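Single-structure report; data block below.
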Amino acid sequence: MVNERPKNPDKLNDPEAIVNRYDLRDRKRHTLNSKPTDLNTAQKDSKSTVSADYTTARDLQSPAAKTAKKKLNSESPRTARAQSEGANSRKTDEASESNEFSLSSMFPSIFGSSAPAVLSGPARNTRSASQLSQSFRVPEIPRKPTNPRKDVIKFRSDYANKFAIGSKHTVNFFSGSYEDAQRKARNDVKLLVIFIHDPNDADSIKLIHESLNSSEFDKLVTNNKLIVWGVANDSEEGKYVAYTLHVFKFPFISLMCPRADNRMFSVRRISGFASAAELVERLESSIQITKDDLKELREQK
């Protein structure tokens, strides 16, 4: 088969799907040159676009914005002032605490500094315990009485004139001193009742009228052959005996018993007022306890 030549030799009859390579190179170059132009345009568009979240200068010039700005300006100094005052007060407190608890202020001799000035504040109460409590007073050591029998005689006289007149039952108080009464109890092996009277105390006066001058107490003394000794606490003998027996509350009654070593010990102590029945009951219970000791002591003698 013979190939036919084209009628027009100057013009090639190429297929339409085939593209000249020079045309592709020109198109690629044109595309690269056109991208920067599009990027610049996009940047300009993004700059010209403003987000709704930001406030523009035109919005700040509106009447509502001006009113809000004035309100903030009027409140901000007050708030700042309050905050500064609070901060200053906290700094002052911290400084005072650091001054109080610093080692140099507590131990000036160790750190080689002088003693710090005393901080201003509430003064400490340096009074003693006896000055703080007026109801309690530490008793002073009394001196030994020079004439104890005189104080006892005075008490017996006051009792006879103030309490014995008109009473059916009275107490026969021992007429000697406290040491004499103890000696008598040791020699006779008998129980000794000590009574310290307060002339200025209502309970002490009531105790004499209702309890000591009662038939119950008189019967107790007679049946047990008790030695009863009394004195006032405002006398030298009374103060000395009260200090010796550690008595702080009046009226005071003590039941004392002799021992084999020739000393006396207290079996029962009663402070304050006690009715006749209560007084006799408490003394009677103590007397029953000492019966065996007294019996043994009498047999030894």
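From the backbone N, Cα and C atoms, a Cβ is placed for every residue, glycine too.
If you check TrEMBL, you get these features:
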- 1-99: region 'Disordered' (REGION)
- 1-14: compositional bias 'Basic and acidic residues' (COMPBIAS)
- 33-54: compositional bias 'Polar residues' (COMPBIAS)
- 74-87: compositional bias 'Polar residues' (COMPBIAS)
- 128-149: region 'Disordered' (REGION)
- 140-149: compositional bias 'Basic and acidic residues' (COMPBIAS)
- 154-284: domain 'UAS' (DOMAIN)
Which bits of the chain, at least 6 residues beyond where the compositional bias 'Basic and acidic residues' (140-149) starts or stops, bring a Cβ under 8 A of a Cβ in it?
175-180, 235-237, 239-240, 243
Between 0 and 100, where does the mean pLDDT of the domain 'UAS' (154-284) sit?
97
The DSSP breakdown of the domain 'UAS' (154-284) into helix, strand and coil residues is 61 helix, 27 strand, 43 coil
